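What TrEMBL annotates here:
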REGION    1-27  region 'Disordered'
REGION    345-377  region 'Disordered'
TRANSMEM  33-55  transmembrane segment
TRANSMEM  75-93  transmembrane segment
TRANSMEM  100-121  transmembrane segment
TRANSMEM  199-224  transmembrane segment
TRANSMEM  258-277  transmembrane segment
TRANSMEM  289-312  transmembrane segment
TRANSMEM  318-336  transmembrane segment
Amino acid sequence: MDSALSDPHNGSVEAGGPTNGTTRPPSTPEGIALAYGSLLLMALLPIFFGALRSVRCARGKNASDMPETITSRDAARFPIIASCTLLGLYLFFKIFSQEYINLLLSMYFFVLGILALSHTISPFMNKFFPANFPNRQYQLLFTQGSGENKEEIINYEFDTKDLVCLGLSSIVGVWYLLRKHWIANNLFGLAFSLNGVELLHLNNVSTGCILLGGLFIYDVFWVFGTNVMVTVAKSFEAPIKLVFPQDLLEKGLEADNFAMLGLGDIVIPGIFIALLLRFDISLKKNTHTYFYTSFAAYIFGLGLTIFIMHIFKHAQPALLYLVPACIGFPVLVALAKGEVTEMFSYEESNPKDPAAVTESKEGTEASTSKGLEKKEK
């Protein structure tokens with residue numbers, strides 16, 4: 001998991017770039033401003049739209065779109081798992097040929113990227129299909145066992161429109177696989193980020209604080225304590241980061257002096273911001289105070305990261321600035337409004353939890369029986 005905002009310093013040799021001792025020409029102030037501004041905008045888009053889609057996802061009935069709920073235990077283990085994965089990748093790049101590793105990773109992310117991009121563009125593409133479009137429904141069902149012991153492993157429902165989106169996404173996938181172009185990389189990166197914010201749900205604010213706090217330490221250690229994260233980020237040829245060239249104005253689409261932002265800096269704060277949006281809706285006050293506050297806090301935190309990085313000319317652990325902002329600002333608002341208790345007592349059930357499903361069914365049956373009783377009276 002890459003979670004660092006880094007800058008190939010002006011005039012320095014970048015990993016994966018020229019190895020003949022030459023240096024890149026210094027980027028212009030305009031090019032640097034364009035790169036940083038674009039990274040900021042690209043980070044905001046999946047958070048905003050992913051948060052909105054997470055609300056519909058939580059209310060959805062399609063099993064294929066059910067969110068994955070993160071519990072406090074998952075949140076506590078996540079930094080350890082991420083650290084082991086990061087260190088493993090670092091050792092792999094040191095021991096084995098980088099070319100072959102990236103080839104395997106490219107094929108893996110080629111498949112994942114196509115599926116993620118297809119899922120991302122599907123709601124938007126539906127608006128462009130004509131009313132008489134022959135749309136057929138399909139279901140991919142894979143079960144284990146039989147009779148009462150039958151268990152669903154895969155239950156994915158899709159239609160002809162989804163297949164069209166899959167075809168369009170495959171074109172981007174082939175472009176990425178053949179050229180590794182930064183635009184194709186960003187399309188996949190944005191799709192991964194939006195899907196992460198939409199489908200990964202924190203069960204409560206306390207879990208969000210545990211997750212962000214753990215990854216705060218993880219990010220600071222692996223960026224400032226070692227060169228592991230920056231090395232992996234620059235060696236890892238996969239859409240796990242957003243990139244934007246600082247020399248775009250000079251070289252156009254073939255520019256190659258990139259500033260980069262790890263997807264972890266988008267998804268991790270993003271799922272916390274999405275949780276606050278769902279908390280806003282649960283208050284039923286027709287306001288999105290906590291969502292807009294945390295969204296503004298994210299802009300402030302990422303802007304501060306970019307400013308510090310530009311001043312010190314060194315890769316920065318973005319969560320060092322994002323975590324205090326994204327947690328601190330909403331908590332201060334809750335203190336001012338006297339809603340701290342409501343914020344930390346808000347709980348989301350896991351839709352995949354049998355107990356939650358049973359409770360939901362019982363609630364539905366109870367409301368139905370009450371309605372029938374009223375009709376009879």
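Counting begins at 1 with the first residue displayed.
Heads up, the Cβ atoms here are built off N, Cα and C, so glycines get one too.
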Beyond the flanks of the transmembrane segment (33-55) by 6 or more, those residues with Cβ under 8 Å of it: 5, 27, 67, 123, 186, 189-190, 193-199, 201, 242, 244-246, 248-249, 258-261, 265-266, 269-271, 273-274, 277-278, 281, 291, 295, 298-299, 302-303, 306, 310
Chain residues in Cβ proximity to the transmembrane segment (75-93) (below 8 Å; excluding those fewer than six residues from its ends, i.e. six or more beyond): 1, 101, 202, 207-208, 210-211, 214-215, 217-218, 222, 228-229, 231-232, 235-236, 264
Segment-segment contact (the transmembrane segment (199-224); the transmembrane segment (289-312)) at 3 or more Cβ pairs under 8 Å: no
